[in-house]
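S.K.: My structure is below; once you've seen it, I'll send some questions.
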Amino acid sequence: MPHTNAINDYIAGAVGGCAGVVVGHPLDTIKVQIQTQEFGGKYTNLMDCIRTVQRQTLSKGYFRGLSWPLFSYGYLNAVFFGCYGFLLKKFGCTEDLTHKKPTYWIIGVTGALATLPQVVFTCPVDVVKVSLQSQIPHYHDLPKVQVNKYFSGPLEAVTVIFRTSGIKGLYRGFLTHVVRDTPAAAMYMSSYSFFQYESSYRIPSVPSQIVNFLGGGVAGVLSWLIIMPFDVVKSKLQADACGKLYKGFWDCASQVYRADGIRAFFLGLVPMAVRAFPVNAVTLMVYSESLKYLNKIEHIDKN
């Protein structure tokens, strides 16, 4: 994947990001529901959660809260992959295996740095998304007055959160978001690159689409595994965007631990793993193949 034009990184990132969002949103909704159970009553198990979401229409169930990430994650992934490609060049490296290949240390640092500009935009989107996803009704042991407090859509969510807590509410869990995303991005890009490079040398006959698909899936699962506790806290903080339950990260983490122990920090692990593989497999495959195509077209035009 030679980098010849930074614009290609942004375009390929946008295409890959949109593809990943559509594939993964249903399981992301299940994950958020499990992580924020106090907002919908306790689930007895994973199937109880799935049955609850299935009772809704698609727009109010599996795809609740999709519109904002769908229209924004293309741009957000463009920011990430664009910054990633730009920073690699600043380190004097390229992803082209025939030229100077970056070390995995440089790839990890570059991935972590590339996610920082993205989080500035991602956090408000996630606050709205998580707020909507956490409000799917599950009436078990839930007071009726709490059941009725649901946003009709993203615009109402933004309005209520901003009116109640100002811009601070839309950036609820921001530092947790940063702490979650930087190591995840480092693991994500370094493990994906490792898979790419090793496959190219050891089994060069395998088509790049298969390598990118499998590598993206493995990278996605690994990156999520190392940050699950932070994701649980982030989900709970952002579902409580108006700050009625938790004062901040440490208050939320301590309440979670007191209520359910260490296992509570790994809630949603199964749907996360099931979701992470196809989402990131599609995202990175589409990104890599789109980038390869764009660079090829640009090379032909120059000649």
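Quick reminder: no glycine exception, Cβ is built from N, Cα and C everywhere.
What TrEMBL shows for this protein is this:
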type	residues	note
REPEAT	4-90	repeat 'Solcar'
REPEAT	102-198	repeat 'Solcar'
REPEAT	207-293	repeat 'Solcar'
TRANSMEM	70-88	transmembrane segment
TRANSMEM	210-230	transmembrane segment
TRANSMEM	264-287	transmembrane segment
S.K.: For the repeat 'Solcar' (4-90), what is the mean per-residue pLDDT, to the nearest integer?
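M.R.: Summarising the repeat 'Solcar' (4-90) by its mean pLDDT gives 69.
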S.K.: Treating G and I as helix alongside H, and B as strand alongside E, what does DSSP give for the repeat 'Solcar' (102-198) in helix, strand and coil?
M.R.: 75 helix, 0 strand, 22 coil
S.K.: Is it possible to list how many residues within the repeat 'Solcar' (207-293) are helical, extended or coil according to DSSP?
M.R.: 72 helix, 0 strand, 15 coil
